[in-house]
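Sequence annotations record features per position, and here TrEMBL assigns domain 'NADH:quinone oxidoreductase/Mrp antiporter transmembrane' to 25-298. Here TrEMBL flags 32-51, 63-83, 89-107, 114-136, 160-179, 186-204, 210-230, 251-276, 288-312, 368-388 as transmembrane segment.
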Amino acid sequence: MFSMMPFGFLFIFVFMLGSVISLSSLHWMGIWLGLEINLMGFIPVLVYRGVTQETESGVKYFIMQALGSGLVMMGSLTCYNLLLSWEVILSPGFSFGLLILVSGLMLKLGSFPFHFWLPSVMAGVSWFGCMVLTTWQKVAPIFLLGALVEGLWENSSLDTWVAVAAGFSSLIGGVGGMNQTQVRALLAYSSIGHVGWMLFASLISQNTLVIYFLIYLIISVCLFLTLWWFEGSMYVQTSVFNGKWSSIMQGSMMFMLLSLGGMPPMLGFVGKWLVISGYSSEHYPFSVLLLLVGSLISLFYYLSLMFSVILFSGSSMSMSTGLKFMSTVKSSMVSIKDSSTKGELDDLNTLKIFSGQKILGFTSNGTMLIYSIFILNLLGGIFIFFSLPLSEFI
């Protein structure tokens, strides 16, 4: 990536700095400024290859994020006009300004009912862009929303709105992913489902939200790095499609999908267990039911994708079957410019960039990295599972 975009490190630093400014600001003007800096730094990273699909996704993302930032500013100004103070927590009830403010943060987060833009954006960007979009770009909105919910803990209307958005986000994340044929769009709906769990975790406590987000961050980064390496292997070593995929990589992909779906004793199960265990049965049982149903439905397409990996990597697969499956996966994972497009990359640069050797230091055999990812997800979940105070959950 950095060979195509020499100032890549600078842009990465800019969008990370924007999130830090938003989270450390004591004024809504500073929060809005940090969100805008984050947006300006992430757009070049999102469209660095210059592919038509990336440009389209970048424009969609810019429009939706600009609209979300505008709603945040409008909501904060409306609350100031009502209270003559920038302290939104002084709001006596669920005012119109607070509704706009929360809606702006949910729009930037990609949760229900503002989830419609995320799958189409992720379907056209690189794996690195998908990884940042589903992890770091959620840091500022979700923790700002969590701090807002914690500051307004006596506001039952806000809690109800967040709980409803959490439940339906999980349900839409499960139902929407069942009809997807593209891996990126499927993981986008998976991200929407996990956003629902994060929103509900913000209603419990800030610590629960932090733990769930860190678990989701670890699993997502491992999964996207694996898919990025796999995309590079499609260019570097075509024999991988003849049913000779490394057994370590196959097992790692399976366990990461199970961990993302929340299967015990994987790392992803711990986060969902903490959310359910911290839930009080007196509040929002319908939202909890939607969370569980959505998680169960999403587990279906995780298992479907896992079975595709198993069948794809089977030693009995013929070359023709492997090539057919390769073309299906390749169409959903890789976007290549048309030969007539101006500024097309030569084959050598394409191999270097997609293989990730310039950034991640991969060699031709990336099994050691994949093996480490597998150990991280499996043993991490087991260690956290047994370190929890089990007496509190009995």
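For all residues, glycine too, the Cβ spot is worked out from N, Cα and C.
Not measured: the values here are computed from a predicted model.
Proximity of distant same-chain residues to the transmembrane segment (32-51), defined by a Cβ-Cβ separation under 8 Å and at least 6 residues beyond the stretch ends, is recorded for 1, 4-5, 7-8, 11-23, 25, 57-58, 61-62, 65-66, 68-69, 72-73, 76, 108, 124-126, 128-129, 132-133, 137, 140, 335-337, 343, 353.
As a quick check, the transmembrane segment (251-276) and the transmembrane segment (63-83) miss the bar of 3 or more Cβ pairs under 8 A, pairs 6 or more apart, so the two do not touch. Between the transmembrane segment (63-83) and the stretches 114-136, 160-179, 186-204, 288-312, Cβ pairs under 8 Å are most numerous for 114-136. Remote same-chain partners of the transmembrane segment (114-136), defined as residues 6 or more beyond its termini with a Cβ less than 8 Å from a stretch Cβ, comprise 1, 15-16, 19, 42, 45-49, 51, 53-54, 56-58, 60-61, 64, 68, 103, 106-107, 169, 172, 176, 180, 182, 184-185, 187-189, 191-192, 216-217, 220-221, 224-225, 227-228, 231, 333, 335.
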